[in-house]
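Asker: Pasting a structure here, questions to come.
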């Protein structure tokens, strides 16, 4: 009996960790809501025409400043107060495949699609979370689907934000500014994007733990019963020894 209680168990460890989280199900739902909210902030800032669209990256040299957004790229000369913005519909095929033009075109194709997919997955996670309460008979199916969609949203959004970092080199090469240009990541986009991705990851981890506990509930009950049985046996033994000593 004593040997059984000392055996390490993952489900027991997970259950002990979750004892320190107040209302883990409600807590995880709040995290999902915050992740979705920051994603909406990111989308709204990207769709704002005047900012073209939430700067993700700024490449700058002595003569030119290039702002890179999710849906567009803007060029501005140092001595100019206006900037020229390039969007997908302004793609010029006569450029001969220059690195700058090619990377700009690829950027404008990849990022709107990725962002749309992330929004779809995150919205599905919200819907599936609601369905868990409306149709609890299928809670296992809802939980697995919600875990999958939130994890996919986290990974895709992290991929999208990482591409913004990597694109600094391609834009510098395309502008023939290697070694002379400086690249800075947009603070607002970084905050919205990385916080949203991080919260989706946190929700997925908490949700995975809850699903693991639910799936191994019977095993957890057996371990708990075993532990209490061991404690009860010890108490009875101490009580018996006490009365024996008292009789003497």
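Just so it is clear, glycine is given a Cβ too, placed from its N, Cα and C backbone atoms.
These numbers come from a predicted model, not from an experiment.
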Asker: With the ranges 81-101, 165-185, 186-206 to choose from, which does Swiss-Prot describe as transmembrane segment?
Answerer: 186-206
Asker: Ranges 5-25, 26-46: which does Swiss-Prot label transmembrane segment?
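Answerer: Based on what Swiss-Prot states, transmembrane segment spans 26-46.
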Asker: Other than its close neighbours in sequence, what residues sit by the transmembrane segment (144-164), given a CB gap under 8 Å and a spacing of at least six beyond its ends?
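Answerer: Answer is 32, 35, 39, 56-57, 68, 110-111, 114-115, 117-118, 121-122, 124-125, 128-129, 132, 185-186, 189-190, 193-194, 196-198, 200-201, 203-204, 207-208, 211.
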